[in-house]
Amino acid sequence: MGASVLPLGLGAGDCQSSSGRRMSACLPRTALSFLLSLLLATPGARAAGYETCPMVQPGMLNVHLVAHTHDDVGWLKTVDQYYWGIHNDLQQAGVQYILDSVISALLAEPTRRFVYVEMAFFSRWWHQQTNETQEVVRRLVRQGRLEFANGGWVMNDEAATHYGAIVDQMTLGLRFLEDTFGSDGRPRVAWHIDPFGHSREQASLFAQMGFDGVFFGRIDYQDKLVRKKRREMELVWRASASLKAPAADLFTGVLPNNYGPPEGLCWDVLCADPPVVDDPRSPEYNAKKLVSYFLQLATAQGRYYRTNHTVMTMGSDFQYENANTWFKNLDKLIQLVNMQQANGSRVHVLYSTPACYLWELNKANLTWPVKEDDFFPYADGPHMFWTGYFSSRPALKRYERLSYNFLQVCNQLEAQVGPAANVGPYGHGDSSPLNQAMAVLQHHDAVSGTSKQHVADDYARQLAAGWGPCEVLLSNALAKLSGSKETFLFCRDLNISICPFSQTSERFQVLVYNPLGRKVDRMVRLPVRKGLFLIKDPGNNTVPSTVVELTSSGNPELLFPALVPALGFSVYSVTRVSDQNPQTRSQHSRPQKYSSPVLSIKNEYLRASFHPDTGLLSMIEVLDRKLTLPVNQAFFWYNASVGDKRSSQASGAYIFRPSQQWPFPVSHLARTRLVKTALVQEVHQNFTAWCSQVVRLYSGQRHLELEWTVGPIPVGDKWGKEIISRFDTPLETGGVFFTDSNGREVLERRRDYRPSWKLNQTEPVAGNYYPVNSRIYITDGKMQLTVLTDRSQGGSSMSDGSLELMVHRRLLKDDGRGVGEALQEPGSGGWVRGRHLLLLDTAREAAAEHRLLAEKELLAPQLVLAPGQGPSYHHDHHEAVPRKQFSGLRRQLPPSVRLLTLARWGPDTLLLRLEHQFALGEDSSRNLSLPVTLDLQDLFSTFTITRLQETTLAANQLRASASRLKWTTEIDPISRPAVPRLDPSSITLQPMEIRTFVASVQWEENS
């Protein structure tokens, strides 16, 4: 997304060979050959890295000019429209031409340097180049003249993203660079110049990936003023409260001008600033004036930073389509400014890169301030809090989270089965399309919900296209593992209770795959026809079941409990039978309706009570722990501002700005229906025609499930609405609440407060909203109320004892941040269903519950249906009995360990990540916060690990040889622990530690 809306201009023209194929760097072949010869003759063709950085001038103010383009992987145009340069009526932007033009300009002058970031675009461009051009680019990279920063597939959002998906997309991009350029192309610096606020977990992940620092453009306007005054625009971010420093320490720099050029110095074809006119005979001569202005600008900017180095970003959104206009003027500026040194100037200007600038800061050997909180929420003005996008486009946010779940299942089965998953009886299975689509969705205008509508539709299209090849892969893998070639069917619409196969079949099988490293109990819910059903487990034992009718759709749903082994599957058979079957009658529970004045649902652990007059949730009791807490839950809506006397700022895709502090109730009461069976008890609440909820309690469950359905939000009254679910309790919380950071570590939040500066709160609601990726909770030190989410949402505690989460929003006015559309979400995006999981526990025992429950929700079991009675997979074993149950692990993982990644890496290698999912000191009831040691030998059942190499988090460097720059901080010096010797039989994980391995494997013949 752009820092500002710039005037449109004309881009560079295209050029093609006689065959119609694009020629290298848009240059005639003779010119390319000539420039290539110059490149080969250029001195200093050394390995890339800090040693290729340009010389600076000691004793002078060195101004590092960073030529760059910021290429959104979708925003106003789709990814393909941006790459090819289509629909320039929406935005002048063609990434293929930018890269062509930049390479040409770099070849023309050896001092020039350029930075590129988005591998989603660069990899596509790279594969379209000739061998000759590729060799030219490799040499530019080796010389440090073309530098990659960040290196992920995209520049991911930091508020609406889950850490697992962040790691995956960074791994995808960095692997492309490693495979293409080796260590020469390895980024040293993270470059998050456009995301709208910055999470602590993101910094921790960057540090664990081996980055030496991060630079970004956006921080809160109040924070920035304070930092400039204190000269704390650069600092060391201590990004984990669990990992021993400096493992998660990351040098952090705030750029002086967001990420655009200084005012008056934008020389792109999209800009209107005058070029450098250095001919004194011209009436347009301005060189002397520009030099004077630049010297004043550099000196003023330098006052806010601690060293004799400062940085200026020379570029912005989709700039450098005609790179010559930029570089020609920068060449002149550098020459003219440096000539003033003969007249006593102490300013030295040079082409540089983020890594080279960081290198000079490190060599300054200063003591740097330390930050331990995060950079949320972000505001660029008193009434301009970028907290709306935490909740924008909730349907897309859920689709992204479901796709992450499905991708992990796909990756795991591909890893467990090996090549037979890719080529088998169902065709060619491939995890790459979904992996790439998921990477694209992490972009800061994708999962954030801040693109135009047609772009959001295209993001969903990419995900849907990625599911298909994974479904083929799953079919191949499951056929091999089960020994039966079934007609596997995948119901993608189970979230809205639609599955034509289960709704029309009299007899079928349900294969339940569990991606967790531990066995799981799960209640299976499938839409069916009315009737009774006989369920058999893998051992042919009858399983209890019930059919519940949904009031929202009228479709009955079949429920039965499934027990599934770790990293494996169980196959259940379902048969529709007559009411006369005695076996069915004994195992089938009929729903019962109750007219008791006390409206409540209960199991062996919990009782939830509802107010008899309003139908709203009013009380939760934890029976075995004797905890009771009044909890009032209802839906409310904020009236979205369209601007007022204080500010013209409206609520929009990015900005949350309610017109008043207190929301309106959606309804003061709910019409209710009570359903009780042996397996589940439910209260169906209907608030309005567009807002309903089912409060559900399964047998054996320690949490309450609230399944809400909202939309389409009515706006006939011309009021935009932002819908929240709010939980009110009498807990005395002192303005404090807690939210997760990208689904991982938890941060304390305090109402109307920032740890880093004294806040002037100008928006009492929006200024207290924070991103919630997986959980939010309040506690009085004795009891803790936790709400888990099924997607990223905005959340807060607007009064003591209260929690709220924004579930949906529909707005009638654009917020002026460049999208140019109101967030209306026509069609299916306007109707959204989701779930909140409510946990009440003692503060001491709460972490053990919410950590493990969040893992189960993120990596939920995958249901695959089949008619049954398929032919044998093995041609030479016609009599073989199909396998009804399977586990990919010979022993379960401990509760504190999560299998973060199990995926194919190469023809005979796998990528394996194991993480400790508890924070330091978080759990004392079950000792789940202690270090844990694993034996990887003989752990997996379908393959044997023959060699194990440990890498950094993104798997692009061996851990033993990876090193990062060292920084001195204002906090006591830190000892740097040595890398432990790798012993596959003894892998120890410290709290919140992730360890990454590339494993050479040999698959078993009959896995």
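The backbone N, Cα and C atoms fix where each Cβ goes, and this holds for glycine too.
Sequence annotations record features per position, and here Swiss-Prot assigns signal peptide to 1-47.
Within 10 Å of the C-beta atom of Cys356 (disulfide bond) sit 24 other C-beta atoms, taking all shown protein chains into account. Taken residue by residue with DSSP, Cys356 (disulfide bond) is part of a helix. Here Swiss-Prot flags Cys53-Cys356 (among others) as disulfide bond, drawing on similarity to another entry.
Annotation comment: Swiss-Prot describes His70, Asp72, Asp194, His444 as Zn(2+) binding site, evidence class similarity to another entry.
Around Asn131 (N-linked glycosylation site), a 10 Å sphere centred on its CB holds 8 further CB atoms from the protein chains shown. The N-linked glycosylation site feature in Swiss-Prot is assigned to Asn131 (among others); the stated evidence is sequence analysis.
Taking the Cβ of Asp194 (Zn(2+) binding site) as centre and 10 Å as the limit, one finds 24 other Cβ atoms among all the protein chains shown. Annotation source Swiss-Prot lists active site, nucleophile at Asp194, citing similarity to another entry.
For Cys266-Cys271 (among others), the entry in Swiss-Prot reads disulfide bond, with the evidence type similarity to another entry. Classification of Cys271 (disulfide bond) by DSSP places it in coil, neither helical nor stranded.
Marked as N-linked glycosylation site by Swiss-Prot on the basis of sequence analysis: Asn308 (among others). The secondary structure of Asn308 (N-linked glycosylation site), as reduced to three states from DSSP, is coil rather than helix or strand. Here Asn308 (N-linked glycosylation site) comes close to Pro58, Gly59, Met60, Leu61, Asn62, Gly302, Ala364: these same-chain residues lie at least six apart in sequence, with C-beta atoms under 8 angstroms from its C-beta.
Asn343 (N-linked glycosylation site) counts 6 other C-beta atoms within 10 Å of its own C-beta, drawing on all protein chains shown. Asn343 (N-linked glycosylation site) carries a helical DSSP state (H, G or I). Residues or ranges marked as N-linked glycosylation site by Swiss-Prot: Asn343 (among others).
For Asn365 (among others), the entry in Swiss-Prot reads N-linked glycosylation site. Around Asn365 (N-linked glycosylation site), the C-beta neighbours below 8 angstroms that are at least 6 residues distant in the chain are Thr968. DSSP gives Asn365 (N-linked glycosylation site) a coil state; it is part of no helix or strand.
Swiss-Prot lists Cys410-Cys470 (among others) with the feature disulfide bond, giving similarity to another entry as the kind of evidence. Cys470 (disulfide bond) is surrounded by 25 other CB atoms, counting those within 10 A of its CB over all protein chains shown.
The feature disulfide bond is assigned by Swiss-Prot to Cys491-Cys499 (among others). Following the DSSP three-state reduction, the secondary structure of Cys491 (disulfide bond) is coil.
Long-range Cβ neighbours of Asn495 (N-linked glycosylation site) (same chain, at least 6 residues apart, Cβ-Cβ under 8 Å): Arg398, Leu402, Arg833. The feature N-linked glycosylation site is assigned by Swiss-Prot to Asn495 (among others), with sequence analysis given as support.
DSSP gives Asn540 (N-linked glycosylation site) a coil state; it is part of no helix or strand. When Cβ atoms from all protein chains are considered, those within 10 Å of Asn540 (N-linked glycosylation site) total 8, not counting its own. Residues annotated as N-linked glycosylation site in Swiss-Prot: Asn540 (among others).
Per Swiss-Prot, the feature N-linked glycosylation site maps to Asn639 (among others); the stated evidence is sequence analysis. Other Cβ atoms within 10 Å of the Cβ of Asn639 (N-linked glycosylation site) number 16 in total over all chains.
Residues or ranges marked as N-linked glycosylation site in Swiss-Prot (evidence: sequence analysis): Asn686 (among others). Taking all protein chains in view, 18 other C-beta atoms sit within 10 angstroms of the C-beta of Asn686 (N-linked glycosylation site).
Remark: Asn760 (N-linked glycosylation site) has Gln222, Pro382 as non-local neighbours, by Cβ distance under 8 Å and separation of at least 6 in sequence. What Swiss-Prot records for Asn760 (among others) is N-linked glycosylation site.
A separation of roughly 26 Å, to the nearest angstrom, links the Cα atoms of His444 (Zn(2+) binding site) and Asn639 (N-linked glycosylation site). Under the DSSP three-state reduction, Asp194 (Zn(2+) binding site) is assigned to coil, being neither helix nor strand.
Of all Cβ atoms in the protein chains displayed, 27 besides its own lie within 10 Å of the Cβ of His444 (Zn(2+) binding site).
Taking His70, Asp72, Asp194 as the binding-site residues under consideration, the smallest Cα distance to Asn540 (N-linked glycosylation site) is found for Asp72.
All chains included, 22 other C-beta atoms sit within 10 angstroms of the C-beta of Cys499 (disulfide bond). For Cys410 (disulfide bond), the spatially nearest entry among the binding-site residues His70, Asp72, Asp194 is Asp72, judged by CA separation.
The most crowded of the disulfide-bonded residues listed here (Cys53, Cys271, Cys410) is Cys410, judged by how many other CB atoms sit within 10 Å of its own CB. Taking all protein chains in view, 19 other C-beta atoms sit within 10 angstroms of the C-beta of Cys266 (disulfide bond).
Annotation note: Asn639 (N-linked glycosylation site) sits in a strand segment as assigned by DSSP.
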